[in-house]
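Participant: Please see the structure below; I have some questions.
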Amino acid sequence: MDFRINPVQPPSPNEKKALRLMIFGGLISMGLLLHVLFQNKAVSYFPLYILLVITMIYYSLKYLHEWYHYFSISSDRKPARQRDYTVDILTTYCAGEPFDMLEQTLAAIQNITYPHTAWCCDEADDRRVKQLCCRLGVKHVTRIVKKDAKAGNINNALQFATGELCVVLDPDHIPAPCFLDGVVDYFDDPSVGFVQIVQAYYNQEESLVAKGAAQQTYPFYGPMMMSMHKYGTVQAIGANCTFRRSALDSIGGHASGLAEDMHTAMKLHAAGWRSFYVPAILTRGLVPATMSSYYKQQLKWSRGVWELFFITYPKLFSKFSWRQKVHYFTLPFHYLSGLIFFINFLIPVISLFTGYIPLQMDVLTFFLAALPLFSMSLLIRHYAQKWLPDEKERGFHIVGGILQIGAWWVHTVGIIYTLLRKKVPYIPTPKNDNEPLPLLLNVPNILVAAISLAAIIYGLLEDFNPYTIFMAGLASLQIAFMVFNLSISGYINKKSRVGSFVMKLRQYTWLIKKTHGFLRRYSLALSVLVIAFFGFAYWKNQQLPQFLPKPLKGLQVFYRGLYHHETTNNGSEKLNFAIADKSRDIAIVSSEIAWNVDENNRLDTNYLQQVYRRHAIPLIVWNPWQRGTSGLTTDNENIQDILKGKYDELFLSFAKQIAVLNKPVFLRFINENTADKRSLFSYSGCKPGDFKAAWQYVHLKFDEAGANKVIWIWNPPDAAKANDYFPGDNFVDWLGVNILDTNWQTSKNDQNIFDSLYRPYHSLQLFKSGLPVMLTETAGSAANRVEWWNKTWQTLDTAFKEIKSILVNPGDYTMLANLPGANMPINVDEIIWQKTYTHPELQNLPFPVKSIVYDKGYNWFRNRHTLGLKIMEEDLQAIKKIGANTVERIMPGIYDRDFKKAVISNKMNLIVRFSFLVTPQVIDDNKKMKQQKEKILGVIRNNLDKKYIIAWNLGDDVLHDLASQTYKPDYFYYEQKYIAWLEDLCREIRKVDAIRPIVMDLDWDINGRKQFNNYKSHIPQINTYMLSVNVKDSALLKEPLEHGMTWGKVDVQLWPLIPGIQQSGTVPQWQDIETTDYVKLKGLLDLEGRKKQGYRDVLNFWGNKQTSSSPVPEIRILKPAELAAANDKLLYHIVYKDKNSDLWKLINDDKKDIRFEWYLVRQDRYGNTMFMNKVGDQPYIELKIPSNPQYYRLYVEAVSGEEVRMANTTLNTPLE
């Protein structure tokens, strides 16, 4: 027999500190999880939420109980022997117990070296037992009146025994020869009432039941009991406990009951006796090896412990120390686990059958909160395994955990029997390992497995979504656990298929052994990493990111180019071509062209084609002169003549010749007069308003002529006048600046002259607006050219990121070698296609469509909203109630099946939207674009028979978004590729579905009509264009619509401006959306599902219902008249519009019926909302200004019941 006679050593000071530090980390993890769970916004379906909270609280308390018993692991040195004791060793025997087992135990008792008297308490008065006792020299004792089960049997023998100490030893426990030598010396302290040792087993490898049952006891008899020793709460174990006889006599002998050993310990502790624990294996016994014996043992213990809790504990409560009060109160709750497991079974089953889920939470947030606690509990437990007395006892103890789960109903029955006062007979733990478990006792687990399986089938068929999949996974685990328990219920040895398989698997699981060894060895370091990583990740997940979005790759360009002042009809261009031939990094070649009015001006297309052949793009510096050379007019008169149309022929002639090229051309105007001629676009004497109007007029003339590949460069007269003369974002593609320095004198102390020349422009907000900047002419000092250019390159690379191109004269070409630039990233020759001009097959939707975009929960993984069939049905019912007859949703998605059911049940129509992230890189990836096309066609093929689908929507206006992701000329390349792809897609859609209309969203801004004509001329298959309008473009609502246009996603606040919206239109969003990547706040409902003013407006327009006024008044944010600088604290208030006086008043605390929620919202450079964070809940807020405040907006919601009003503002009031 393998004993461990040397007690486990207590932890060193460093080990104790490490373990306590880990426990502290576990407490932090627990607090984090409970904090996340107890937030109101986490509640989804309240009954399931309560069940989940109950289980989480129980496991948290269980961890606290476990960690409490790891906190003070200790053991005392064995004291030097001072005297000898007389000792009685008592073991019991009942009819039916194996005789050879008793013989082995009695022989081992007699082999104990310390003087003692052995007693066999024979309940059966068996003749063979008497003979065995006689042969071994063991005293035999029996009784006639058999009461109090084992306790009564022991007390009967104590009437005859006279030893100072008595050992109660179960007949299956074999003691080591040195058993008493390791125990008796602790009784030299007269206050010690009993000494307990480790309860270990020698048959745990006999079956999986034996292994699992033994694993459940390892932590208890190891580190937990060592802490109980410190706390004075050591638990007496009836299998191998040594008592002081006088202590037993003081409480009337061994206490009775189903948990007689715990009862005895309670009475001894209440009487003031101390307990001692020796962490040494001095005996080994039998653990239940069959499911039948295991269940009998667990039922007896559960019933007995709860009996003590309800009956004995209150009686002895006042006599316990505070630690003993805690100990005996918490110990029985181990057997409450059966009820908790039952709740765990119910949660996924109820969820699958009802479609509800307990939590409404971002999946990542939940795992960031839950995984630290799980990880810390695992690490703490493995670290504490250092103080298990046997190396073989260490591990993950998976079998023990599954076995305990399978005993859920047994532990629950123990509680029920206690409450009903139903008695359970005292039955010694069966020792004969050949009892199969009756099928009746497997019925509870069979039912759990069967109901879980039914729930999985029903749930996945009825409501297929990520959360039902997750719940189905949990239910599948339940089935696996139950099947495992069922499979080992009738087997007791390694010959069983499951048992032998697992035992063989265990022999080869060296990786598992290495893993738990690694976890134990490096638990502290791993704990620090877990807390640091998950803590930081959770904190970061809650913060509003401080970094700007990564720069778009399409905007990370730099074009080198050449310019010369002479016109293209002399030989100067030859030098440019020679240089361009030698270097492929020349992307732009600039030349001047002067045209006079009333002359037969012809564009030198041969020159331009030569530029294109060198993979470069021409920049035409055009100087149109005024009419005639005598009687020069003022510059402002020239501008007025342009606006009157006097130069239309000149502009149209030039534009038409450019249009014929059908390739990109940079164009800028010379703004300087000569002695005898005036440039039409001279700034001299020209009013800013007139100049801008003339520029826009000419721009529109070029559009009219079809010169849509002109790239407009505007050079301001100087930095001081740049803002005044700027023609507008929609009429300028590049900003141009000439940097000419001819007088710089070299000096070591000189400043960077380029910096001083350009910085006045850089400081303007216009030059930070996102428009690229081209240095259209750059000339450095002739005195020290190399040094001048080196300083210029350094400045360009660090300070002025908006500069995307530089043009130098041929003489400075060699200076470009140090410039971090690139050649034209696209093949200019590919930027050409012939317009089809096919008459489009335009038709409107089959009937007036009142549609609402419903993309709630589409990106499910990091979404604020958890979605299921019931939620979608409720939402669509509400959508229908306000007058909508159609919903739009992106497909494909994981919720498609459920959403279609919701559409059918509410008898609504569906417009299927297609959407994917389109970037220049994606457009240039033919494989990805092909996959996307097949994905879209697949959706259409799979839904051809769905009569409720009335149209296919190609999604957002990609070209509109593409314009902000690229600069021209790159834009033309990607535009061409995308339109070719889109035309091919529409043609394929028509082959699959020739009936349903194809529609597409079109951003209705100043370029909307131009883009409409562009799409229409190339893609005739698109039937209807749904116009999307933002508030900033509200002026365009008055423009007449062409055939094939209809109002699409229009902000609800603009609806009063569109009478036709009552018959047909689209609400941009049903409910606000918050994901990890973006936030959309244009819904009719806010994130919490409360109704905004837009909800009332739509109900008035479509529902034909005049709703009552909102209980929430109209609100605004009153900003401080201060600059918003990072880390400053500014005070913001809320003002409301008084209904009676129509005045704006400051909200104070008298608005008791309204509560407020402040949010700080992060936007990107284009105004798209990225992240939001709640920052306050008062009628005012003192806000710490974040870095880059220009990228933030402050939102506030005023809430009353289910109604809400929202206001938002920038962080500061512009001070001019």
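Glycine is no exception: its Cβ is also placed from the backbone N, Cα and C atoms.
Model, not experiment: these values are computed from the prediction.
So TrEMBL lists these for the protein:
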- 21-38: transmembrane segment (TRANSMEM)
- 44-61: transmembrane segment (TRANSMEM)
- 276-295: transmembrane segment (TRANSMEM)
- 333-356: transmembrane segment (TRANSMEM)
- 363-384: transmembrane segment (TRANSMEM)
- 396-419: transmembrane segment (TRANSMEM)
- 439-461: transmembrane segment (TRANSMEM)
- 467-488: transmembrane segment (TRANSMEM)
- 522-539: transmembrane segment (TRANSMEM)
- 539-846: domain 'GH26' (DOMAIN)
- Glu672: active site, proton donor (ACT_SITE)
- Glu777: active site, nucleophile (ACT_SITE)
Participant: Tell me if the transmembrane segment (276-295) touches the transmembrane segment (363-384). I count contact as 3 or more CB pairs below 8 A, with pairs 6 or more residues apart.
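Facilitator: Between the transmembrane segment (276-295) and the transmembrane segment (363-384), which are separate recorded stretches, there is no contact, as judged by 3 or more close Cβ pairs.
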Participant: What count of other C-beta atoms do you get within 10 angstroms of the C-beta of Glu777 (active site, nucleophile), across all chains shown?
Facilitator: 20
Participant: What parts of the chain pack near the transmembrane segment (396-419), using Cβ distances under 8 Å and only residues at least 6 beyond its ends?
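Facilitator: Sequence-remote neighbours of the transmembrane segment (396-419) are 208-209, 211-216, 218, 294-295, 298-299, 301-303, 305-307, 310, 335-339, 341-342, 345, 444-445, 481-482, 484-485, 502, 512, 516.
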Participant: What stretch of 21-38, 276-295, 333-356, 467-488, 522-539 shows the most Cβ pairs under 8 Å to the transmembrane segment (44-61)?
Facilitator: 333-356
Participant: Among 21-38, 276-295, 333-356, 522-539, point out the range having the most Cβ pairs under 8 angstroms from the transmembrane segment (467-488).
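Facilitator: Of the candidates 21-38, 276-295, 333-356, 522-539, 333-356 scores highest.
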Participant: Using a Cβ cut-off under 8 Å, which residues of the same chain at least 6 positions beyond either end of the transmembrane segment (333-356) come close to it?
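Facilitator: Distant contacts of the transmembrane segment (333-356): 44-45, 47-48, 51-52, 54-55, 58-59, 61-62, 65, 301-302, 305-306, 404-405, 407-415, 448, 451-452, 455-456, 458-460, 462-463, 467-468, 471-472, 474-475, 478, 868-870.
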Participant: Taking the domain 'GH26' (539-846) alone, what is its mean pLDDT?
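Facilitator: Here the predicted model's pLDDT, averaged over the domain 'GH26' (539-846), is 76.
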